[in-house]
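Features reported for this protein in Swiss-Prot:
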{"type": "BINDING", "residues": "Gly83, Asn114", "note": "anthranilate 1 binding site"}
{"type": "BINDING", "residues": "Gly83, 86-87, Thr91, 93-96, 111-119, Ser123", "note": "5-phospho-alpha-D-ribose 1-diphosphate binding site"}
{"type": "BINDING", "residues": "Ser95, Glu228", "note": "Mg(2+) 1 binding site"}
{"type": "BINDING", "residues": "Arg169", "note": "anthranilate 2 binding site"}
{"type": "BINDING", "residues": "Asp227, Glu228", "note": "Mg(2+) 2 binding site"}
Amino acid sequence: MEAIINPIITKLYEQESLTQEESQQLFDIIIRGELDPILMASALTALKIKGETPDEIAGAAKALLANANPFPRPDYDFADIVGTGGDGHNTINISTTAAFVAAACGLKVAKHGNRSVSSKSGSSDLLDSFGINLAMSAEDTRKAVDEIGVAFLFAPQYHGGVRHAMPVRQTMKTRTIFNILGPLINPARPNIELMGVYSEELVRPIAETMLQMSMKRAAVVHGSGLDEVAIHGETTVAEIKDGKITEYTLTPADFGLEPHPLEAIKGGVPEENKAIITNILTGKGTDAQLGAVAVNVALLMRLFGHEDLKANTQQAVEAMNSGEAYQLVQQLAAHA
């Protein structure tokens, strides 16, 4: 192992970027629990200070996917809608809520998530409060995607090896490459993804990373401080289509909506969030809350080939108003 790891660590000390293969080798050793914690901290720090390249991120993601527990991958188009978290704004659980609304609009979603990073209640905390089984088997999860159109893959169940990095990450108390890997390592391996990132500087590099992860169609977004499509300002988008990246900006008007202040979509602790999300999914939320979810669903629908954002937004709002989106929450809770 030293023959593999020493040249990689030396390269990082010299602030040289790793090839995708070298990054994959490094993270393979980390995930198998074979790297000394001091060396791991050194490598993660060197990567952070240098700035992780798309090759390094893709290599790390491929190592984690190669070591993940298996999932029976659907042979149809299906998506993940996910944010890195860590934007520090504690909004309502937009992407989790949007997953149910997207399914009510006819899309297939296999959402990968974990406990909270930035909101007081992460997606798994919220699903837990609705009685959705986070420990559902891979087979049952796949069946839920087939039959209900939406299911949730809880990261620790598939990525046990990440625990080897936890003590180092907790001691370092700073963002590392692991903070951006979560959305790239969905064990179901979706071919469509809407991914929000906590910094505008990450939009292009993450899109370049996704290009190497053989996505059919994807978009990376940062919305005026949020790791989501914004309803309070502009959203920077890098979209992957036909193997090319197109960058553009979206505003609430592009979705046919009025802007709303960021304060209007603040979240709470899990119990409060449960009430807020129930209201949204039954059409009883505020215009800001419904809009915040609808714009994210609308962009995800575009990735499935429904290009008209305004029509998509209306369809998403209707799926909430009709209560159809909330029925899927109940179906998923009853599924296991």
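Numbers here mean position along the shown chain, with the first residue as 1.
Glycine is no exception: its Cβ is also placed from the backbone N, Cα and C atoms.
Rounded to a whole value, the Cα-Cα separation of Ser95 (5-phospho-alpha-D-ribose 1-diphosphate binding site) and the residue listed as 'anthranilate 2 binding site' is 25 Å. All chains included, 27 other C-beta atoms sit within 10 angstroms of the C-beta of Ser95 (5-phospho-alpha-D-ribose 1-diphosphate binding site). Looking only at Cα atoms, Glu228 (Mg(2+) 1 binding site) sits nearest to Gly83 among the binding-site residues Gly83, Asn114, Arg169. Note: the Cα of Thr91 (5-phospho-alpha-D-ribose 1-diphosphate binding site) and the Cα of the residue listed as 'anthranilate 2 binding site' are spaced 24 Å from each other. Asp227 (Mg(2+) 2 binding site) sits 5 Å from Gly83 (anthranilate 1 binding site), taking the Cα positions as reference.
In the three-state DSSP assignment, the secondary structure recorded for Asn114 (anthranilate 1 binding site) is coil.
Rounded to a whole number, the C-alpha distance linking Gly83 (anthranilate 1 binding site) with Arg169 (anthranilate 2 binding site) is 19 angstrom.
Separating the Cα atoms of Arg169 (anthranilate 2 binding site) and Asn114 (anthranilate 1 binding site) is a whole-number distance of 16 Å.
Taking a C-beta cut-off of under 8 angstroms and a sequence separation of 6 or more, Asn114 (anthranilate 1 binding site) has the following same-chain neighbours: Gly122, Ser123, Ser124, Phe154, Ala155, Pro156, Gly182. Listed in sequence order, Asp80, Val82, Phe152, Leu153, Ala155, Gly182, Pro183, Ile185, Asn186, Pro187, Ala188 are the same-chain residues at least 6 apart in sequence whose CB falls under 8 Å from the CB of His112 (5-phospho-alpha-D-ribose 1-diphosphate binding site).
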